[in-house]
């Protein structure tokens, strides 16, 4: 027996103690998970598919909270510390030398006699008293904060906060997507293996609570029902005749044409509503009556919200006639709704961009943007994003209170009515609900640059949505008769969210790099564009560091770097292909070994039978 020195014994003891501590810490963190008991209860009662939606919602709450903390630490905190004299610091305001006076005019709303309904409109649209608060971009017309020993560059911090929350969102989503992709890849290889894992290794023997055991039992039952449902669909597809195949593909082609027609009609309606609203906003708001004022301000938001509310119901009805598997139904419906919802944001953002950059007068050409209509265009874009988010929350609450609950009451107490029987009890539509929160998250990513407090509003909104959807699910909805697995859905939800992030990055990049920044408000009044703060900061570096930065960002470095990345990518692709071939060979070998064992058992059984017959004859 090898003798261990005291040093080796101490290292081994420390390693075991550290592993034990890490295990205990992880066990404690699982008890601190947000909505842990609620989500487990939902999993047991309605299956892992609906549970995956609420887990996805929890992830977005945490993501928005972290985004808000980033913006708060980099932008809001220095401003608040100086504004309320908490620290010995002052604001730095650098007067612009090359900017014409006409470009710095920013008319503030009049503070005369204000009716009560005006406060409601301001609260819903972000105008009036909210426009001058730290909620929007125009409030941060500061060039820096001078502390005792250094000067805090607020424009650079504002830009870095935007880059930081976009990069964090990308890395976090990719990390979770890779984890989900691994699970999805393993479970999709062999369906029989999935059954065996659930039946023989699916139970958690650490469960000691009766209620938790019932929830786990229900969860496994839903998973098995989902697997059997998908197996039934695959068997049905395999047994189709040529005539049935032609019929179903013809029906799918016709229904896809209907989907395209619905999408085209919605896009045209949103385009016309946006153009109408922007053209009539040139009128004096004070000269409008209350209804006209409300309609002009909220027309794009109303049309977009109505389109987003109606189209998922149409797609949900259409998908039932296309005869897909439950998992593929969800993915196809989500893709259609993604194209619809995210395209509505594109129509709104790019229409606003075209109006901002269109020049029809001298002051517009002088400032580089339509200063007369949009004196602080970043704040007005932030107001549009704010209105979309508030309206989205209002619609969710209104549908739950005035549609879902009355429908449940009618089904419960008026079940004999034929109309109620046709309507039936509400089912929890996972594609529609997932697209709703992805749509809201995309608005948050775009609007956080123009409205720094929008992530905080999105966090509160998602918390409200969680409890509203949970109550609606428990008291007004019934489990869907068509089951599906959550393993595929989790990965697909994150993929849809990644599409929304990429869509948000495009208009933000264009607005920061191409569109001239407002000269009347915001931290970038002394820069032609937002991105110009980066070259100015680099110019303050030492000459050696400047040379390094210019070299890294030059084409001479980018081209070889791109080629090396491609070679590394091809290497890993080839390595993955080799590993896959080895896995196939090992599976074939296992299959052959199982056949050999089956053959030997069969021969042994025959030999035993022959021996028994001989003994009987004797």
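Just so you know, glycine gets a Cβ as well, placed from its N, Cα and C.
All annotation found in TrEMBL is predicted automatically rather than curated by experts.
Per TrEMBL, the feature domain 'TMC' maps to 376-487.
Long-range neighbours of the transmembrane segment (56-81) within the same chain, counting only residues 6 or more positions beyond its ends whose Cβ lies under 8 Å from a Cβ of the stretch, are 33-35, 39, 87, 89, 134, 140, 142, 145, 152, 154, 157-158, 160-161, 164-165, 168-169, 172, 176, 434, 437, 441, 444, 448, 452-453, 455-456, 458-459, 462-463, 465-466, 469, 490, 493-494, 497. Annotation comment: TrEMBL describes 56-81 (among others) as transmembrane segment.
The transmembrane segment annotation in TrEMBL covers 156-174 (among others).
Sequence-distant neighbours of the transmembrane segment (253-274) (same chain, 6+ residues past either end, Cβ-Cβ under 8 Å): 299-300, 302-304, 307, 311, 314-315, 318, 321-322, 336, 339-340, 343-344, 347-348, 351-352. Under the heading transmembrane segment, TrEMBL lists 253-274 (among others).
The transmembrane segment feature in TrEMBL is assigned to 295-321 (among others).
Annotated transmembrane segment per TrEMBL: 385-403 (among others), in sequence order.
Annotation source TrEMBL lists transmembrane segment at 445-468 (among others).
The transmembrane segment annotation in TrEMBL covers 489-510 (among others).
Per TrEMBL, transmembrane segment is recorded for 557-578 (among others). Counting same-chain residues at least six beyond the ends of the transmembrane segment (557-578), those with a Cβ under 8 angstroms from any Cβ of the stretch are 551.
Counting only same-chain residues 6+ beyond the ends of the transmembrane segment (156-174), those with a CB under 8 A from a CB of the stretch are 63, 66-67, 70-71, 74-75, 78, 140, 445, 448-449, 452, 455, 494, 497-498, 501, 504-505, 508, 512, 523-524, 530-531, 533-534, 537. Taken through DSSP, the domain 'TMC' (376-487) splits into 89 helix, 4 strand, 19 coil. Remote same-chain partners of the transmembrane segment (489-510), defined as residues 6 or more beyond its termini with a Cβ less than 8 Å from a stretch Cβ, comprise 49, 52-53, 55-56, 60, 162, 166, 169-170, 173-174, 176-177, 180-181, 183-184, 327, 330-331, 334-335, 338, 342, 345-346, 349-350, 353, 430, 434-435, 438-439, 441-442, 445-446, 449. Beyond its flanks by at least six residues, the transmembrane segment (385-403) meets 124-126, 135-136, 297-298, 301-302, 304-305, 308-309, 345, 348, 436, 439-440, 443-444, 446-447, 450-451, 454, 457-458, 461, 464-465, 468-469, 471-472, 476 of its own chain at Cβ-Cβ distances under 8 Å.
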